[in-house]
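**Student:** This is the structure I have questions about; it appears just below.
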Amino acid sequence: MEKSSSNETQTLTSKKELLDCTEGEDCKENGLLVKNPKSALQLVEDGNKVHPSQGEKGEAGQISNGYSVVQNPVPCNGIGDGEDVQCMAPAAATTTSTTCGVEAQPQLLELEERETWSKKMDFLLSVIGYAVDLGNVWRFPYICYQNGGGAFLIPYTIMAIFGGIPLFYMELALGQYHRNGCISIWRKICPIFKGIGFTICIIAFYIASYYNTIMAWALYYLISSFTSELPWTSCKNAWNTGNCTNYFTNASITWTPYSISPAEEFYTRQVLQVQRSKGLDDLGGISWQLTLCLLLIFTIVYFSIWKGVKTSGKVVWVTATFPYIILFILLIRGATLPGAWRGVVFYLKPDWQKLLATEVWVDAAAQIFFSLGPGFGVLLAFASYNKFHNNCYQDALITSTVNCMTSFVSGFVIFTVLGYMAEMRNEEVSEVAKDTGPSLLFITYAEAIANMPASTFFAIIFFLMLLTLGLDSTFAGLEGVITAVLDEFPHVWGKRREWFVLGLIITCFLGSLTTLTFGGAYVVKLFEEYATGPAVLTVVFLESIAVAWFYGINQFCSDMKEMLGFTPGWYWRLCWVAISPIFLLFIICSFMSSPPDLRLFDYNYPYWTTIVGYCIGTSSVICIPIYMAYRLIITPGTFKERILKSITPETATEIPFGDIRMNAV
């Protein structure tokens with residue numbers, strides 16, 4: 001409390017302009033805020049007027065949308081008559097009784113102590129770095145050409161406008177207003193849904209257990225690139241087989257259905273070593289090379305996030321901007337390659353008949369949702385470190401637009417190279433573009449780079465780009481968990497952040513061991529399809545229902561008016577209440593009705609892996625009904641009273657009001 005008091009006093013005394021105290025104003029003496037009972041209600045912060053409060057129309061002491069000043073009824077002592085007293089230039093004033101001194105300090109809560117972003121750009125780059133990840137580079141181009149090329153942009157845009165962006169905006173607003181992580185925030189919204197927060201934390205652990213392994217593959221490639229001749233350019237290595245065909249070095253060689261490129265054999269037989277595993281029932285040993293790569297990845301992650309957003313906000317200036325520089329370089333290089341136009345035509349040529357297929361709309365909805373990334377707790381965490389009156393509406397539009405445009409431009413980067421590959425193989429682009437997911441990057445694109453002039457340079461910057469794309473997404477995912485736990489258990493971990501982050505990193509590393517085995521790629525594919533997709537969709541569906549229907553759309557919009565100075569229009573309300581939940585339910589039902597038929601390389605996943613996949617997905621979502629049951633059991637009263645108490649916010653949301661603290665009443 002000594003530290004807290006010191007900070008509060010310092011805040012009150014740090015204003016640049018001090019005016020002589022006159023009657024009807026709030027005054028400050030000895031660094032403590034004094035209230036004049038005759039003062040009128042006004043809402044002014046840092047000299048800038050915010051929107052008129054509803055308190056002008058209501059009872060005295062009420063401040064906009066049911067908020068009142070947290071006051072201690074004990075009157076001030078020691079305010080000498082006739083003393084020269086000063087008060088702050090425009091500050092919050094109320095009609096409540098006078099308080100000051102030590103008695104009022106316990107009522108000043110911890111909002112001023114919460115860490116904030118050093119700069120607005122730190123926040124924007126962190127959100128962009130989180131949203132723009134490896135999926136933008138490999139998933140969107142593949143989904144686009146698979147579902148009608150240019151025609152796919154129509155359902156993609158519609159799903160972004162009515163589903164993805166409203167959910168993205170909602171999470172930013174919730175985090176910024178309530179200033180809590182994904183667990184404790186539910187005490188202020190709808191306590192019975194608190195299990196959503198625990199579900200998000202488990203999902204984040206699953207993601208960290210396989211997503212960073214993909215970055216370990218990229219790091220292995222990066223290290224292997226520091227040679228005069230890239231190792232995946234020839235068939236003369238120890239890991240190559242008789243089917244290895246290097247058509248780049250010999251134009252007379254014919255590509256057959258049995259041909260395997262040196263890039264594919266390097267990826268499967270040297271990096272992953274899948275030939276030493278029989279499948280999920282026999283994963284084989286652990287690759288020590290990938291283990292060391294992953295250890296280095298987690299070490300970088302730890303020292304980037306261990307101190308909080310003050311340090312990670314600086315790191316993203318590199319990790320979020322560097323990929324755009326490289327994408328621009330690769331785009332220029334790809335456009336100058338022979339046959340590049342074939343790839344662009346294949347990428348954008350519209351197939352209007354595809355728009356009649358339901359799966360195209362499902363893919364569009366899933367792509368925009370997983371690209372923007374609501375439901376992972378990250379947007380809540382990042383926005384909670386914003387200043388209260390930050391314009392998160394503008395932030396949501398900027399970052400979501402940048403994310404969608406990055407996906408679109410990435411398609412040109414990928415397909416110009418695929419057109420070049422088709423030209424070299426004398427095949428159709430559709431035959432070259434069979435690889436999906438990581439294989440598109442680690443086989444097809446790596447092979448194209450290897451046969452360009454200055455191949456070593458382009459290989460180094462390309463895999464550096466993949467690393468930076470993955471790193472800031474990992475920073476964000478783990479920060480969502482860290483913020484949630486520290487806000488939920490501040491007395492335990494509040495001053496031990498470094499130790500908690502270290503424990504979390506070690507846990508994620510140990511959880512990744514199965515993905516480091518010779519059959520680890522099969523595990524990555526299983527987790528990617530089942531551990532995150534349906535679970536996150538369920539989380540955001542319930543989140544949107546809880547906010548719009550239990551917390552109340554009118555209350556949510558009033559909160560946003562309190563924070564931003566304007567009320568969201570009918571379009572946003574309609575999306576939050578009906579369209580976005582329907583959008584999510586549509587994707588969930590589509591997934592549940594037709595689970596993915598998994599296949600990787602020459603391995604067909606057995607039927608029992610589908611059951612295992614659903615069990616993994618359910619293991620996180622099960623936290624939601626378990627906590628609901630627990631909440632109803634521990635709440636006293638009749639069943640109806642328990643329900644009402646469980647859906648009623650139990651904790652006031654503190655909001656800044658000039659230099660005093662406000663609580664919901």
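Yeah, the Cβs are placed from backbone N, Cα and C, and that goes for glycine too.
Unlike curated records, TrEMBL annotations are generated automatically.
Worth saying up front: this structure is predicted, and the values here are computed from it rather than measured.
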**Student:** Check for me: which candidate out of CYS201, CYS244 does TrEMBL give as the disulfide partner of CYS235?
**Tutor:** CYS244
**Student:** Would you say the transmembrane segment (442-467) and the transmembrane segment (361-385) are touching, if the rule is that at least three C-beta pairs must lie under 8 angstroms and be 6 or more residues apart?
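**Tutor:** They do not touch: fewer than three Cβ pairs between the two stretches lie under 8 Å.
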**Student:** Roughly where does the domain 'Sodium:neurotransmitter symporter serotonin N-terminal' (49-73) sit in mean pLDDT, to the nearest integer?
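**Tutor:** Summing pLDDT over the domain 'Sodium:neurotransmitter symporter serotonin N-terminal' (49-73) and dividing by its length gives 37.
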**Student:** Round to the nearest Å and give the CA-to-CA distance linking GLY129 (Na(+) binding site) with CYS244 (disulfide bond).
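**Tutor:** About 38 Å separates the two Cα atoms.
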**Student:** Taking every protein chain shown into account, which of the recorded positions CYS235, LEU469 has the largest tally of Cβ atoms within 10 Å of its Cβ?
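**Tutor:** Comparing the recorded positions CYS235, LEU469, the most crowded Cβ belongs to LEU469.
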**Student:** Looking at the binding-site residues VAL132, SER371, LEU469, SER473, whose Cα is closest in space to that of CYS235 (disulfide bond)?
**Tutor:** LEU469
**Student:** List, by number or range, the same-chain residues at least 6 past the transmembrane segment (195-223) whose CB is under 8 A from its CB atoms?
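**Tutor:** That would be 134, 181-186, 271-272, 289-290, 293-294, 296-298, 301, 375-377, 438, 442, 446, 459-460, 463-464, 466-467, 470-471, 473-474, 477-478, 480-481, 484-485, 488, 507-508, 511-512, 514-516, 520, 523-524, 527-528, 531-532, 535-536, 539, 542-543, 546, 616, 619-621, 623-628.
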**Student:** Measuring Cα to Cα, how many angstrom lie between SER473 (Na(+) binding site) and CYS244 (disulfide bond)?
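**Tutor:** Cα-Cα, rounded: 36 Å.
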**Student:** Any contact between the transmembrane segment (530-553) and the transmembrane segment (123-141)? By contact I mean 3+ C-beta pairs closer than 8 Å, pairs at least 6 apart along the chain.
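**Tutor:** Contact criterion not met.
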